[in-house]
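A short worksheet on the structure shown next.
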């Protein structure tokens with residue numbers, strides 16, 4: 001009966017998953033909302049504030065660029081009553097320690113924009129998942145003026161855009177080897193020492209990424225509540241498969257849609273500590289998936305009963321009883 005129950009749960013989950021996949025397909029990459037009461041920068045301005053015509057035009061141009069050019073893995077919401085506010089979510093890319101995760105950013109266009117870059121805050125949940133993303137929410141990026149770089153990497157008022165900022169965070173910050181984002185560490189990239197340290201750092205980052213998933217599911221940012229729920233429902237099995245593979249020794253980043261990405265990379269192995277840490281935290285993630293409705297993950301099917309073995313055991317018990325009665 002338990003085995004049949006699990007099959008029915010899987011079938012039900014499969015039909016629900018199709019509906020949620022449709023929701024995700026139809027979720028607009030760019031859209032506007034009425035308010036942002038939980039926005040990090042909401043207290044830094046007022047809805048009634050009058051901005052210059054040039055400022056309004058520039059922000060509207062930014063909206064247009066985002067609406068037409070956002071990649072499939074970045075979603076943005078603008079605020080109708082507060083044109084200075086945006087919220088963005090970036091999906092972690094395959095092959096990185098951020099794979100399948102959602103990473104949220106609150107953005108504000110200052111009064112002097114675009115003479116100065118936008119303000120960007122990362123929803124960290126108190127976790128430091130990258131040298132450029134502080135647990136206080138600070139985002140270090142040359143383009144934002146929060147990190148030093150050459151002139152071409154800095155904010156250029158007549159050229160730089162909000163789209164460029166978001167794509168830079170995705171490509172340059174949430175990358176395959178975030179360890180080397182730390183200043184000076186790039187000098188040892190490619191060496192045994194550098195790659196060893198990078199591996200340990202990335203393994204820890206993946207664990208923090210799992211914790212970020214839990215944080216987002218428990219406290220999804222406003223206007224992305226349904227998106228968070230549907231995203232993790234749809235990706236739950238891939239995330240669990242990846243965790244099981246990492247527990248078994250697969251190297252971090254080798255899993256793509258539940259399969260091994262690179263045979264040469266797969267010959268390597270995750271560290272013993274990584275396997276243990278993933279195993280110890282995995283159940284917390286699974287519990288959150290179950291709360292979302294992925295019920296079959298809560299069921300542990302028992303192996304089917306072997307009738308022949310059952311009959312033999314029954315005969316043995318009968319013989320024992322007959323002997324004891326003599």
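Start at 1 and count along the chain as shown; that gives each residue its number.
Cβ atoms here come from the backbone N, Cα and C positions, even for glycine.
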Stretch carrying region 'Disordered' according to Swiss-Prot (options 267-296, 297-326): 297-326
For the domain 'UBC core' (54-214), the mean pLDDT of the predicted model: 95
CB contacts for residue 140 (active site, glycyl thioester intermediate) [other CB atoms within 10 A, all chains]: 16
